[in-house]
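If you check TrEMBL, you get these features:
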TRANSMEM  21-42  transmembrane segment
TRANSMEM  85-102  transmembrane segment
TRANSMEM  114-137  transmembrane segment
TRANSMEM  158-179  transmembrane segment
TRANSMEM  199-220  transmembrane segment
TRANSMEM  264-288  transmembrane segment
TRANSMEM  300-319  transmembrane segment
TRANSMEM  411-439  transmembrane segment
Amino acid sequence: MAEPPPPLSGPARLSYSLGHFLNDLCASMWFTYLLVYFHAVLGYSTTHAGALLLVGQVADGVCTPLVGYESDRSAGCGRYGRRKSWHLVGTVCVLVSFPFIFNPCLGCTEATPQWAALIYFIPFIVIFQFGWAATQISHLSLIPELVTTDHEKVELTAFRYAFTVAANITVYGVAWLLLHFQLGHSGPTEQLGKPDIHVFRNLALIVVAVGAVFSLLFHLGTKERRHPQAWLLEPEEHTPLLQKGHKSPPRPLLLWKHWLREPAFYQVAMLYMATRLIVNLSQTYIAMYLTNSLMLPKKFIATIPLVMYISGFLSSFLMKPINRWIGRNVSSLGGMGPASRCNRAPLGLWVGRALGCGMRLMLLVSLQHSGAFVYGAMSFTDKVANGVAVMAIQNLHPCPTQLCCAGCVEFYHWVMVVVTGGVAVIATVCLCCIMVWPIRVRFRESWQMLPPPPHRQLC
């Protein structure tokens with residue numbers, strides 16, 4: 001039987017952690033500024049702005065499990081690993097499509113109907129979401145192929161999410177600089193409007209430029225290893241055909257249809273969906289809440305999220321001792337308190353710190369390991385649920401065709417309190433269920449000797 005690979009070196013771990021930085025940069029800008037850009041800057045109705053986000057989330061949700069399924073079956077491009085091949089395809093798609101989303105419709109005029117402009121943006125959004133899904137799934141699926149022990153998997157996941165927070169800090173820091181040093185382009189106004197188009201266009205260009213550099217470093221520094229099934233199934237010369245004693249035969253990875261029969265699959269999917277909904281909805285509506293409910297100047301749409309994610313980054317260093325002292329389930333449950341309660345408090349920097357720490361604690365313990373299909377299915381529930389929730393909220397807006405009215409002041413307040421708080425209650429119930437009925441995967445004898453699926457060349 002083949003020897004398991006040696007532990008990853010420090011530079012290899014760092015190189016792997018850089019592979020999702022482009023995705024994280026784009027996701028931060030997508031969730032935080034998409035609705036603000038299309039509604040407050042370009043002047044689209046709340047329904048049309050929400051429709052664009054819904055299209056993106058549905059496209060991402062559909063592409064994610066399909067990419068995961070194909071990523072498990074393909075053999076890669078030539079001698080390039082199958083995961084890195086999909087990662088490269090996804091990176092190219094993101095780089096060529098994302099700048100067009102945060103740039104006005106080319107060829108459109110003031111007389112162009114909004115529905116026509118929406119049709120212009122949809123292809124770029126779909127290409128971007130396909131690329132984002134391909135990059136995300138291939139990068140997550142590399143974890144069990146690079147390392148074998150649970151400790152190493154948890155460590156790589158923690159490194160990955162640390163760079164996720166660093167990406168958010170980068171986006172909000174650059175956004176703050178662009179908004180703070182506009183040099184009079186937007187005049188004396190402190191509110192968002194069409195003069196701020198160039199701010200979001202430049203932010204998108206900076207995001208893809210920085211992300212491209214980090215993706216290049218990932219591809220140069222990460223060496224994909226053989227599929228871990230090879231370590232289990234490859235016999236040596238003197239390996240007996242039948243195992244002696246009561247040792248069970250080697251078990252290959254479960255096929256996708258087997259995961260659908262596992263109760264643990266749905267337990268984790270519900271918990272992951274709920275925790276991601278809290279994070280994404282808070283991130284999506286924080287800018288609208290700051291500018292419309294609290295009437296703060298536009299620079300605060302970067303300042304407050306920046307404080308939140310700096311706090312999240314600092315809390316990530318506390319995860320190892322917290323998990324060791326009180327366990328992962330309890331630490332995740334404790335993280336939901338600040339995340340659900342902070343919107344009821346006066347909005348200040350300490351509130352940002354509480355929300356940032358709460359979101360960080362939950363995300364680090366939701367996903368740890370498995371194959372591409374499992375990651376894809378988890379993300380499918382997350383993306384589609386988020387898109388449907390945003391579209392429902394947008395349809396309830398009291399003044400959909402105006403920038404803001406008297407009703408929207410309280411509207412965004414209740415979105416940040418009732419919606420995110422309600423989802424936090426659901427997440428707490430899911431976590432309590434997992435604590436009562438622990439997650440375990442049931443192996444059946446009929447699954448153990450299934451041959452691996454045939455691999456297809458990606459190119």
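Placed from the backbone N, Cα and C atoms, the Cβ positions cover glycine too.
Contact between the transmembrane segment (85-102) and the transmembrane segment (411-439) is absent: fewer than three CB pairs lie under 8 Å, with pairs separated by 6 or more positions in sequence. Fewer than three CB pairs closer than 8 A are found between the transmembrane segment (199-220) and the transmembrane segment (411-439), and contact between the two stretches is not assigned (pairs 6 or more residues apart). Listed as Cβ neighbours of the transmembrane segment (114-137) (distance under 8 Å, sequence separation of 6 or more from its ends, same chain) are residues 19-20, 22-23, 26-27, 44-45, 48, 51-52, 55-57, 59-60, 63-64, 67-68, 71, 86-87, 89-98, 100-101, 105-106, 108, 372, 375-376, 379.
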